[in-house]
Amino acid sequence: MDQTFKNYAGIFHFRFWRFGQWVDVVIDDHLPTLNNQLLSVHCNGGNEFWVPLLEKAYAKVCGSYADMSAGLPSEACKDFTGGVAMMFQLREVHSAGHDVKLWNQLTNATECNSLICCGTAQKGDKLVNTVAHTGLVDAHAYSITGVTEVTYYGSKVRLVRIMNPWGKTEWNGKWSDKSDLWNSVSQADREKCFNRDNGEFWMELEDFCHYFLMMFICCENPNFLDGDTDTQWKCQIYDGKWVAGRSAGGNVNSSTFATNPQYRIQVTILDKDEKEDQNILISLMQKPEQGHRKKRRLNPVGLTLFKVPPGTPAGRLGSDFFRRSQPVKQRQMYDYARDLIEQHSLQPGEYVIVPSTMKPYTSAEFVLSVYTKTDAKISVHDGGDDDDTDNDKLILPEIPTKSEEEDNNKDNSSDRSLFNRYAGQTGELSARQLQKLLNDNFPHGTWHGFGLDTCRSMIAMVDTDKRMTMTFSEFSTLWTKIHEFKKQFNRADSNKNGSLSDYELEKAIGSAGMDVNDVAVRLMMFRYSGVSSTIMEDFIVLMLRLENSKNVFKDKSSDGVITLDWDEWTVISTYN
């Protein structure tokens, strides 16, 4: 790239907000071209490259250029700014008679310098950007660059200024460039509205709600909700997870709902002078496995808020509390959205926020952000335990240092490289891919190696998200355990014949810190052995299952006894 920078190295750093923290993305200055023309987005001038460089960096975040195609503008706005991103269904708002509220929201958002986008509906089954008779493009994202009011025959008309990112193809209806309506407004109104860029046009608010499907507002803070720019919102961000069998309790009607992560919050002030003062905003963002954006799978998730009566003991709230209590918001919605937003007008007192997946036993990670107008004390209870141990980690939006990133990369680079050689396009291992990886890279001496059914069992026993494939984090756990079990096997194999007798098997299990009786050992020899001995492959599967059973018992035991409902029992007993 031709340039005039001193000591230019062709390296660019971009920062994106990724699931609760700022991350640094590094790219070079090589941009895709065809016949000396940029294939990607570009500026009108030939010497501005920040736009295609930004696009390349974001493509790296998403997985590829193709992975940036389609999707919701609010996701990109959130990734670029780390702000609060909200979506509005325009036709629902208009049908409910909330045009005034929508107009106030738009006015506040523009005054707060928010990023505002909108999108037209898709026509038919295919995602095609066809130009309708109105001049609007189907299934297309636009930017909103301003709002204003003009006087038309003595009445105020609300206008929204919209821009097509193509720089051309504009609305041709009422209040468009060639509309005769402009002849009936004052010269001052015409002048303020005609100072526009290419691709910009005006629409009346009513037409805007009719022809556009959705609107997205993204702002650095929630000030756009009420236009109160003097308020300094406080934000607390928590990194949490739902773990199947421990803290993935499912929806509010599930018997295990109380095991979900809980966030108890003290609300101190409500502005009584302001009608419907929105004093708390909650954001639940799903945190999918890293990989190609289009391959990421999102779960239906929801937020449920309960009022906690005065005098309620501190700590986790049990099933009895949720059976007796009604949610603050009666209608509970579960959505596949990456970022779920709820705003509330809460009276002073204590409340509990419960993020959940719709289905129980669905493992996933999330980021919970709580915005309040005043300082709020939040206590975190991660689910599955009745004590005050807070395993959810409160994280601050800080950039990781270079040394921290290098240390992490060094630890995982060899395992990651091995994993990537065998993983498919989804960035995950199937049973056959795992089988090939293990048999190519794990010494198995005289025995035949790992069978396909064995590899299916291995996936099942580390499959925390129940996807029936193996992610890198799951593989890393398995890879470490396999090598540990290999060492235990070799230490117990006293005569070095490559197999374990019943006595040697009992010794190996004991060295792993698990106590089993003679009857159990004989049954294990029958299930995981040849004629009278156990080989490495069977031993590894046995140890994985034993460890899995031990962890389940430990998580669910009370005084040495565990209680399982039918759903839990079927998952534990059949998927292993």
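FYI, residue positions are counted from 1 along the chain as it appears here.
Cβ coordinates are placed from backbone N, Cα and C, and glycine is handled just like the others.
As recorded in TrEMBL, the features of this protein are as follows:
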{"type": "ACT_SITE", "residues": "His140", "note": "active site"}
{"type": "ACT_SITE", "residues": "Asn164", "note": "active site"}
{"type": "DOMAIN", "residues": "1-221", "note": "domain 'Calpain catalytic'"}
{"type": "DOMAIN", "residues": "480-515", "note": "domain 'EF-hand'"}
{"type": "REGION", "residues": "378-418", "note": "region 'Disordered'"}
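The number of other CB atoms found within 10 A of the CB of His140 (active site), across every protein chain shown, is 21. Taken together, the residues of the domain 'EF-hand' (480-515) have an average pLDDT of 79. Within the same chain, the residues at least 6 positions away from Asn164 (active site) whose Cβ sits under 8 Å from its Cβ are Val137, His140, Tyr142, Glu170, Gly199, Glu200, Phe201, listed in sequence order. Taking DSSP states H, G and I as helix and E and B as strand, the domain 'EF-hand' (480-515) has 23 helix, 2 strand, 11 coil.
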